[in-house]
Amino acid sequence: MRIHHVRRLSQTYFLILFVFLCAVTRLGTEWTQIRAWPVNWFLQLNPLSAVGTALGTGTLFAGLLWGLVTLSATLLLGRFFCGWVCPFGTLQHVLGWLGMRRKSFSQRVAANAYHSAHRLKFIFLFMVFGMACGPLWTPDRWTSWSSAAKTLGLFTAAAALVLGTASQGNAESGKRPSRLEDGLTGAAVFLFGLTLARFPVAVGSLQTGLLDPIALLQRSLNQVLFPAFGLFQPEGLAGNRWTQGAWLLGAVFLAALGLNLVKPRFYCRYLCPAGALMHLVGRHSLWRMTRITDRCTDCKRCETVCDAACRPSMEILSGECTLCGNCLVVCPEKAITYCRAPLPAKAAAPGAVDLSRRQVLVALGAGLFAAPVIRLDGLSQHRFPPNVIRPPGSLAEPEFLRRCIKCGQCLRICPTNVLQPALWEAGLEGLWTPVLDFRAGTSGCQYQCVACSRICPTAAIRRLTVDEKHGTGAFADRGPVRLGAAFVDRNRCLPWAFGKPCIVCEENCPVSPKAIQTMETLDKLPMPPLRVTAREDNRWIVDGFRPVEHRAPLESLWLVKDFGNPSFQWPIRDWGDGWIEVSYTDPKGHGHAATIEKPEGAVFLAVKLKRPLVDHARCVGCGICEHECPVRGVPAIRVTPENETRHPERSLMARQPSGTF
Ligand code: SF4
Ligand code: SF4
């Protein structure tokens, strides 16, 4: 078996494993459901998430240490992850191969030629890192020795990465900057950061997930492909799953794949920030593809199969090389070998890209600048968009945006499909982050469920127990976790606005005691008073009476003589032209109209209603009432994020000591 066969086996294995782990990300106890499957493993393996969250939060979560394992192995072996593991890389590989099938020798060489646009992926990488590392400069990062040391450590690592990128020279010119230039660059980065620390809006925003290939593929499978074809749906979910803005997710996915038909591994070459990160490490790898120059006849066969465009017939750009092994196989002279090779000294360093230090700094600076500017709209800190309700356990909004990698794992695991990817409602930086849409799912947030908090790989949604969610047991003094608060719209509510009985929201409220209480009222119907002229057996004779069209069921209608006196209010049992039969319940619990005398004077038709009122001290904002509300279109009871526990500022009016209204 030759090397490219082994590579294909590896790619197939990891692609199947990836799809399997996506498929089992749903609740249940069967082996095809989540149980203990490591469903976040691919996300954790990708170092982009690890470095991005470390820059944004100053911490590295245990699961993300897998990313460091990948980086260490890349330092040893080169970019094996891209060529042998990454499932999105595999899909690109297949499409690239399809696109190249009918091309001639020279067309293939041209398609696989290195292009200076490869630098684009570094620009994306440094922009997203720049956006993420804003908080490194906020004053609270320097208040204690330990946080200052951590911050400096992170910054040193980031600066080393920046300097490393541009300090080995340029692939085409081979020109390497002097030590003085290196020093000046480092000083400029440092001073820029210190200046930024003066700005109160220096914030971090983790946007690595926008272009991260693992998050992109995970989102596309879970939110678009599986639901579109009805695959691997959660058990018991009636109908299909919905995805807000699926068109955008689908279009991005199709474009990212389709471009491979034009250029093999298009996404890897030009766009992938994870590939750029691994390039930075991989180009220093101990083991690498090396060309034995005196064997090479410059036949260029290797160039026809190198879909990473790393120039195997020249000085190999080892940072670009994804170790596909195709060149090893096709070279008739065995002029390419994978071996432990020393790094060449200064000029014409292999693996360098055409990225000047100015471009690195501009990209980094653009990211540092972009995060606070985007956040100036105040959506995450001051304005509270009424439709941005985050899952239970979510951190306060700025911290949430610093951690969420938009992987969509929480959306996938949610049993009711109430979690949806945000489009623009949470602002530009909130794109594809999870929000609850109570009308989209099959219910609201389930009272006993904490699934999303258990699956989030970056703790943007922190782990909750059911006790903590309910505010019971050890958490009794803290109270429940609130997502927001429900408000009854009295202009749309059936009992309030239309005089029609409805207690659906009260019945479905899962909190005990219920957060929705009802107020009983007896409302006169808008019609002229009636007169009872006689009694015949059980019926009262009402001259000229015709049964009225009313949307309330008959048992909610009453005949009332005195609205202030319950003894003169009778529920209607039946009626017909010219007669009404009322019931009368005596203290022993039985009786009917025949047992009471007909009333004298005017009587009125009335409807008995139970009007909902929300007790905000109990409401947890689960949205089940909003989902179940029978009013079509805009529901008559709606949840907004006011009073959510994750943000002490978000009470409805002035701040309340208890955190409630
Ligand atoms: S806790 Fe609520 S939002 Fe989260 S997965 Fe469960 S039902 Fe969905
Ligand atoms: S909040 Fe959801 S989308 Fe964001 S990182 Fe966590 S699991 Fe992924």
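Cβ atoms here come from the backbone N, Cα and C positions, even for glycine.
Listed in TrEMBL:
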type     : residues : note
TRANSMEM : 12-29    : transmembrane segment
TRANSMEM : 50-69    : transmembrane segment
TRANSMEM : 75-99    : transmembrane segment
TRANSMEM : 120-138  : transmembrane segment
TRANSMEM : 144-163  : transmembrane segment
TRANSMEM : 184-203  : transmembrane segment
TRANSMEM : 245-262  : transmembrane segment
DOMAIN   : 312-341  : domain '4Fe-4S ferredoxin-type'
DOMAIN   : 396-424  : domain '4Fe-4S ferredoxin-type'
DOMAIN   : 432-467  : domain '4Fe-4S ferredoxin-type'
DOMAIN   : 610-642  : domain '4Fe-4S ferredoxin-type'
COMPBIAS : 641-652  : compositional bias 'Basic and acidic residues'
REGION   : 641-661  : region 'Disordered'
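The stretch with the most CB contacts under 8 Å to the transmembrane segment (75-99), chosen from 12-29, 50-69, 245-262, is 245-262.
When Cβ-Cβ distances below 8 Å are used as the criterion, the domain '4Fe-4S ferredoxin-type' (312-341) is approached by residues 2-4, 6-7, 77-80, 82-84, 89, 93, 114, 118, 171, 265, 268-269, 279-280, 282-283, 285-293, 295-306, 348, 350-353 of the same chain, each at least six residues removed from its ends.
Remote same-chain residues near the transmembrane segment (12-29) are listed as 35, 37-39, 41-42, 84-87, 90-91, 217-218, 221-222, 226, 231-235, 409, 412-413, 415, 451, 455 (criterion: CB distance under 8 Å, separation of at least six residues from the stretch ends). Note on the domain '4Fe-4S ferredoxin-type' (610-642): its mean pLDDT in the predicted model is 95. Applying DSSP to the domain '4Fe-4S ferredoxin-type' (610-642) sorts its residues as follows: 5 helix, 9 strand, 19 coil.
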